[in-house]
Ligand SMILES: CC(=O)SCCNC(=O)CCNC(=O)[C@H](O)C(C)(C)COP(=O)(O)OP(=O)(O)OC[C@H]1O[C@@H](n2cnc3c(N)ncnc32)[C@H](O)[C@@H]1OP(=O)(O)O
Ligand SMILES: CC(C)C(=O)C(=O)O
C-alpha cells in the first residue's frame, strides 16, 4: 500500500462497558444451530445452486443434525421459490426440522414469501432491513424514524399475511442487518418496535438476530455489543438471541464464541464458512471447537470427508488443505519434532487407561471425524527419524528399535533431499527393503540347520551346533559352528570362516503379523573390527532364521560400506 492510503481509514469507535460480564463466562452447551448455507452461502456463489443441488445440500444438513435451516430467499428467484415448494409439496422436511426463509421489508416480497410457504407445518419467516449509519445514509437515504417505520411496516405485513395461512405455525426472526455498524441504542429501539408488533411470549419467542453483516472490529467488541443488547432488551425471556457473524477480519469464529459468552443462544452460519465475501462463520469449526472441550456439539460430524465431498461438489468451492478440522493436511505432520511428539503421544494414548486424548499437536483424535491415523505423519526433508519409524510401524508393521532410528532416519533423509519432494510410505518401505532385507553381497544364506540343541536346568548354559550353507561372493560354502544358542553358534562359524571379528551389540525381535503364517522381524546391530556399527534386519516365519538373516544383513552392510 502507499503510505498515505492509511489515512482513508479510522478506528472503530471505542465503546466503554467496564461492567462487562462475558470475559468470566464459559461455553458449556451447544447453541441452537441454524444453517444458512442455502441462503447466505448460496447467494455468495459464482454459480448459485440448482434445485437438485439445493436438495442435496438440504439432505446433508438434515443428516448432520441441523434443526433449523434457512432454505432460501423465496421471493428472490424462481429456483428459490420452487425449492421451498418442493420441500413442502414432497414432504421432505423431517419432523423436528424447521425451515426458515428470508425476506426484505417490502410488501410484494413478503406476499410471495408467504405463498412459498403455503401448506408448511411450521416455518420461520426472517425479516431484515439494514440499520447501520452508513447504509441509512448511502443506501436508504432515510433517517432513523423512517428506518424504524420500514421495519415496523414489514413486521405488520407479516402479521397480516400470517392470517391467510392458518394451517402453518409461523415463528419470526428479525435482523437489524449491519447491526455491528449500528448505534446500539438505535438497534435496541428498532428491535423493540418490531417486537411491539409481533408480541412475543416465552412460549412463542421471537428470534432477534444481531448480525456482524460486516466484521468491523475485533471479536471482543462484538461480544460487548451482544452483552449490551442482551442486558437491556425488554421481554428477554421471549427472545432467542441469535448471532450471525461474517469473517471480514478473519475472526468470525472467535467473535461468535465470545458472542455466546455474552448471551448469544443461537448461531447462524455455514459449513466451512462459505458466504458473502470472506464468508459466514464456519459452524463445523465452532462445533468441533466445542467437542474438543468435552461439550456435545449436537451435530454429527463423524464423516467429515463426506461433508467436504458434498460441499465442494455443490458449491464448486474448495476446502483449504489447512481448514480447521477438515483440511487435507490438518492431521499431518511433516516436521521432525512434531512427528516425534505425535508418535510418542499416540503410543502413550494407546497404552493409557484414562481414554483421554492427550496427543501433542493434535487437538482432536482424527478418527472422531472419520479421518485415519495413516495420514498423520508424512515424510519430506523436514521430517525426522521418529516420523519415519512411525510410518514403518503404522503402514508396514516394522517396529524399528529406537537405537536404529538414527541410522534409517539418515538414509531416508538423504533420499528426501536428493528427491526434493515428499516420499510416499511405499518408497520408504522400498528403501528399507533394499538397504536391509535384500542385501546379499558378499554373503547369501542358502540353508540353515540346527544340528543339535541342548537345554537342562541343571547345566550352567544351553548349547547348540549349527550348519549353514552360504554363497560367499557367489561361491558355495558350508560352515559349522557351536555356541550357547543357534545365533551364537552361527556368529562363531561366520567369524571363524568368512567374516572376521565382529560383536553383537543389540538384538530385538517382534511378530510381524498374526495368524498361521505369522512372520517375525529381527533387528541386530553389530560392531565390526574397525569399531563401526551397522544394523541388519531379517524376516522369517522362524524367529531363529530371522535373526540369522539379520546378522547376515548387518555383515553385508558392513562389507559394502
Ligand atoms: C446481508 C444480506 O445478506 S441480506 C440478503 C441479501 N440477499 C440478496 O439480496 C439475494 C436476493 N436478492 C434479490 O434477488 C433481489 O435483491 C431482490 C429480489 C430481493 C430485490 O430485487 P430488486 O428490487 O429488483 O432490486 P434491489 O435488490 O436492487 O432493490 C433495492 C431496493 O430495495 C431496498 N431494500 C434493500 N433491502 C431492503 C430491505 N431489507 N427492506 C426493504 N427495502 C430494502 C433498497 O433500499 C432499494 O430501494 P430503492 O430501489 O428505492 O433504491
Ligand atoms: C440477513 C442478514 C441476517 C444477513 O445475512 C447478514 O446480516 O449478513
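Just so you know, glycine gets a Cβ as well, placed from its N, Cα and C.
TrEMBL: automatically predicted annotations, no manual curation.
Just one of 37, 40, 488 is listed by TrEMBL for the same Mg(2+) site as 244, 246, 280, and that one is 40. Mapped onto three states, the DSSP output places residue 244 (Mg(2+) binding site) in strand.
The Mg(2+) site is defined by 40, 244, 246, 280, and by the 8 Å test on Cβ atoms against their centroid, the other residues of the chain that qualify are 36, 211, 212, 213, 245, 252, 268, 269, 270, 275, 276, 279, 281.
For ligand 2, the neighbouring binding-site residues among 40, 244, 280 are 40, 244, by Cβ distance under 6 Å.
For the region 'Regulatory domain' (439-561), the number of residues in each DSSP class (helix H, G, I; strand E, B; coil) is 32 helix, 58 strand, 33 coil. Residue 280 (Mg(2+) binding site) falls within a strand when secondary structure is assigned with DSSP. Within the group of binding-site residues (244, 246), the Cβ with the highest number of other Cβ atoms inside 10 Å belongs to 244.
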